[in-house]
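Report on the following structure.
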């Protein structure tokens with residue numbers, strides 16, 4: 001954004017220090033200092049003795065701004081006692097940011113005469129007449145509004161509202177999808193086994209109890225017996241079956 005109407009205003013510049021400077025000394029530490037130039041106005045910081053590659057200055061300067069001039073030239077030198085000072089590096093400080101925003105804290109790069117990197121210098125700049133940016137166009141996007149609160153799709157009805165219709169006094173059972181059959185359509189099946197009197201009498205005892213003792217032997221028993229038992233009256237005496245007498249000749 002272009003800034004106009006700065007002529008005659010004051011710009012404050014603070015030289016904080018340098019970092020990673022190119023070393024121009026071989027046997028000792030270098031003694032750097034910084035020079036600022038804006039139009040015909042020139043400033044020089046004090047010499048940081050033995051500052052080496054990272055000198056610190058913390059010095060503030062003021063410049064009167066010129067309309068159309070938007071940069072400051074900065075040069076860093078190494079101070080010598082017997083010979084000319086050694087050139088370390090130079091750079092250009094752009095003022096667009098500090099003029100538009102009122103503040104700028106940046107480390108600016110330095111270059112040698114051949115364009116090689118020579119370190120950096122840090123400057124803090126203040127401009128008290130900076131104007132906040134104004135919007136000259138209407139926004140094209142619609143204004144954002146918060147979405148409505150999420151309401152669940154299914155919710156229980158509130159308990160405070162009465163029912164539209166009173167509940168019926170009598171409720172009916174839900175009809176069964178299958179036809180009902182009377183339970184007494186068929187007589188109950190007969191029992192597989194009907195109780196009756198036993199067809200057989202109870203079995204007798206398996207065996208009669210044995211006699212308690214054996215009969216005593218006959219007195220004066222001797223072997224062999226003196227007499228033989230009588231023959232059975234059911235069979236005639238004579239030859240036994242299967243034995244026939246020989247026929248007479």
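The backbone N, Cα and C atoms fix where each Cβ goes, and this holds for glycine too.
Unlike curated records, TrEMBL annotations are generated automatically.
Of the candidate ranges 109-133, 134-158, TrEMBL annotates residues 134-158 with the feature region 'Disordered'. TrEMBL lists region 'Disordered' for one of the ranges 10-69, 190-249, namely 190-249.
Across all of the domain 'C2' (1-109), the predicted model scores a mean pLDDT of 95.
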